[in-house]
Amino acid sequence: MGNLAAQVIIYNNSSKTDKPFTYLIEDRMKDNIQEGMRVAVPFGVGNRIIQGIVVRIFEWKDKTKNLKCIADALDFEPILSKNMIELSLWMRENYLCSYLDAFHLVMPPGDFKEIRTVLNVNNVSLKNLTKEEEKIVGYINQKGKCYLDDVKKFMDHENANKIINNLKKKNIVYNTLEIETKINKKLEKYISLSSNQSKDDILKDISSRGKKQIEVVNYLYKKKGAFIKNLMEDTKASYQTIKALADKGLIKVTETEVFRNVIKSDISPYKRFKLTPEQLKCFNTILDDINKNGSFLIHGVTGSGKTEIYLQIIEEMIKAGKDTIVLVPEISLTPQTIERFVGRFGSNVAVLHSKLSYGERFDEWRKIKEGKVKIAIGARSAVFAPFNNLGLIIIDEEHETSYKSGMNPKYSAYEVARKRCDMEGSSLILGTATPSVETYNSVLNGEIKLFVLKKRINNKKMPVMDIIDMREELNNGNNSIFSRKLYKEIEENLKEGKQTILFLNRRGYSTFVSCRKCGYVIKCKSCDITMTYHIQENKLKCHYCGKEMIAPKICPKCGSNYIKYFGIGTQKVEEQVKKYFPKASVERMDTDTVTKKGSHERIFGRMKRGETDILIGTQMISKGLDFPNVTLVGIIAADTSLNLPDYRSSERTFQLLTQVAGRAGRGDFEGRVIVQTYNPEHFSIQMAKDYNYEGFFDREILLRKEFEFPPFTNILSIIVYGKEKEQVINVSKDIHSEIIKNLELIYDYNLIRNIYGPNPALIEKIKDNYRWQILFKCSDEDLFQLKDIIRRVCINNRDDKKYRGVKFNIDINPSSIL
Ligand SMILES: Nc1ncnc2c1ncn2[C@@H]1O[C@H](COP(=O)(O)OP(=O)(O)OP(=O)(O)O)[C@@H](O)[C@H]1O
Ligand SMILES: [Zn+2]
Ligand SMILES: [Zn+2]
């Protein structure tokens, strides 16, 4: 029998190490090492010990090659299943990222352990040592615990390695590994009685004056044991008392692991509804096919009860012993959503989102891995929840752009979910009131099965949408931010004691500041972006890099004092609402007001209890919210998304209007929606007004086809960025011609015709980095070729001298091409 060897991905970020390395598995370790485990391996000339992950084990027949051996296993069992390994390898291939980036996503949060080598001296005679060896042995002995790094600081590197290796050969020094995890299991002190004697026997040892001690013993006797925190709370005992009992040997203190609790404990049960006929039909049909690895789209109008269908399908999954992942957009991971899932399934739910601490995330991850929960609900990255028996993935608000990652690997949670389902034989359910164009196209192609929920629960009417032409308002002398109609409706709503939501997708007070004399517009010094005025602090802020400056009173360019503020943000809306409706209680919800932990909950709490009359907000309030008393929704400016120079701007506008409008009239009273715009004729606004998704899709898909945009083609974007403008331009020209050269070799002239750029990116500078972009449009087959070339040209060479100082941002089908 030959030896076993392992392919190991090592924890080192250089492009040179971005490949699997082969290590031998010594016989003594054969049983300790499996695929999916972390290992410690010697690396480089110095044989520094670093961490790696085993992705494959195979038989090693080639005796001629001298391989290094794996030093140690860092796990007792695999932390990654075979499927998760395969998924990572697929992501690396598909999203052009490094092995490490891909594996990072599936590993436990914060797993980057520090491994340090500790040197120890054997208990043997120390004769015949050289001077230098003596010096090192002496140093190790004197230190007590001596790290390899210490010795290397004590002596120069090269020598230290040589000498220590000699000492190891002579069996005088040996090393052990010390592993430090950044995150630890949370331990709490647990107190119990030390013997099984009867209570009276124990109490014998306590003098009658020790009243508190007696109380503690009684308490422990009754409870069989308790966490120190609870014990002290319940008995009001002090540390002194507990210590006294421990000193007498009557109680014992152990450390027991506790899970950090991310879910509030006071969530009340969420009542199970009897499904409506529409819901039931969808539920039954999906259940029939749930084990067939299919894809389903629930296209249901806002308030049609999609969530209740998910909940009852999950119930069936639990009955069948299968696990479910529920993805929701980060911003709708609100208390309301969590309450529904936890209120129905209690401690069977793990919650994953970005506001959790590393420790909390680690605990939730382990609950899933260890099979302690059946459901994981979370934002995009929850698609990697390490369930072993995955039956179903649900993606709510399927159309949301936040399902596409903006960081490496730039994965699409939908694609990853689809891949996971295929590997594990699970099903995929997408739900939304406004399917993305790509998804609906897949429905028409027969790849996804469609269910339509046309009606709101209890046959509640869809709110009537009124489109107001703001040009006309201006012509009629109204230059306030409210149209006359919106003003009147707010007034009426207040009178009737109903709630209003006002939506504007821009935070701050004014969105740009400029000089009326010379036309100068104040931009961020680091970014090619106008600064936004924030009134409370009287500052201009950059929403890209966070830079701030005091709002100037005179023009920085011409010195005039004709500085003027243009464009409205949510702060201005708040100011105007308070001015015109001084009696109303007004609340604002945007990134600026929810910075503190819990502020989200507080704002929602007041809204839910009816204490807020008017809620103003950005897209944070645009989806998922279910407040029955909201009868009026005002969209202050529908044009903000329409005017973006992006091929998805119509789609975004349609989605936004439909979703925001969907917050109105969900209770017993009909809802109304006022949409203010300068483009009232635009088809995305007109179709949204009539809740005509198909109408919208039919128009949009023609445009996509005519101008060759997804889903008819793939878009691949390379952004070259760096601090030196000249270099960025040169490198982007360089890789552009390099790619063309490669395409010419395979005669792919069609692809060459579909390369755009290099051009300055639409936002030419962000955080002091200049950005140039090359765009490719290509078919699926071409994409395959293209990725291969880009990997060779950009990725494998990214550490080359000529690319020093620039970086590449490669995105396949980006959610926006800005
Ligand atoms: N079968 C049912 N009978 C009575 N009420 C129901 C039923 N199903 C759901 N509901 C209630 O109807 C309301 C709307 O449902 P839900 O929020 O799930 O809709 P949705 O389709 O997810 O909407 P949106 O897309 O706007 O988020 C909720 O308050 C929910 O509790
Ligand atoms: Zn000026
Ligand atoms: Zn900036």
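Residue numbers in this text run from 1 along the chain shown.
Quick reminder: no glycine exception, Cβ is built from N, Cα and C everywhere.
As annotated by TrEMBL, domain 'Helicase ATP-binding' applies to 287-453. Marked as Zn(2+) 1 binding site by TrEMBL: C515, C518, C555, C558. Look at TrEMBL and you will find C524, C527, C542, C545 tagged as Zn(2+) 2 binding site. Residues annotated as domain 'Helicase C-terminal' in TrEMBL: 550-717.
Taking the features listed in TrEMBL, we show where each one sits on the structure.
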residue	record	Cβ contacts under 8 Å, 6 or more apart
C515	Zn(2+) 1 binding site	V521, C555, K557, C558, S560, Y562, I563, K564
C518	Zn(2+) 1 binding site	C555, K557, C558, S560
C524	Zn(2+) 2 binding site	T530, M531, C542, Y544, C545, K547
C527	Zn(2+) 2 binding site	C542, Y544, C545, K547, I763, K765, I766, K767, D768
Using a Cβ cut-off of under 6 Å to any atom of ligand 2, determine which of the binding-site residues C518, C524, C527, C542, C545 qualify.
C518
Can you check how the pLDDT averages out over the domain 'Helicase ATP-binding' (287-453)?
91
I want the residues beyond C524, C527, C542, C545 whose C-beta is within 8 angstroms of the mean position of the Zn(2+) 2 site's C-beta atoms, in chain order.
K523, K525, S526, I529, M531, H543, Y544, G546, K547, I766, K767
Check the DSSP secondary structure of C524 (Zn(2+) 2 binding site), expressed as helix, strand or coil.
coil
Neighbours of the Zn(2+) 1 site C515, C518, C555, C558: Cβ within 8 Å of the Cβ centroid, same chain, sequence order.
R516, K517, G519, Y520, P556, K557, G559, S560, Y562, I563
Give the helix, strand or coil assignment DSSP yields for C518 (Zn(2+) 1 binding site).
coil
When neighbour density is defined as the number of other C-beta atoms within 10 angstroms of a residue's C-beta, which of the binding-site residues C542, C545, C555, C558 has the lowest density?
C558
Checking proximity to ligand 3 here: which binding-site residues out of C518, C524, C527, C542, C545, C555 have their Cβ closer than 6 Å to it?
C524, C527, C542, C545
Three-state secondary structure, which DSSP defines for C542 (Zn(2+) 2 binding site):
coil
Using DSSP and collapsing to three states, where does C555 (Zn(2+) 1 binding site) fall: helix, strand or coil?
coil
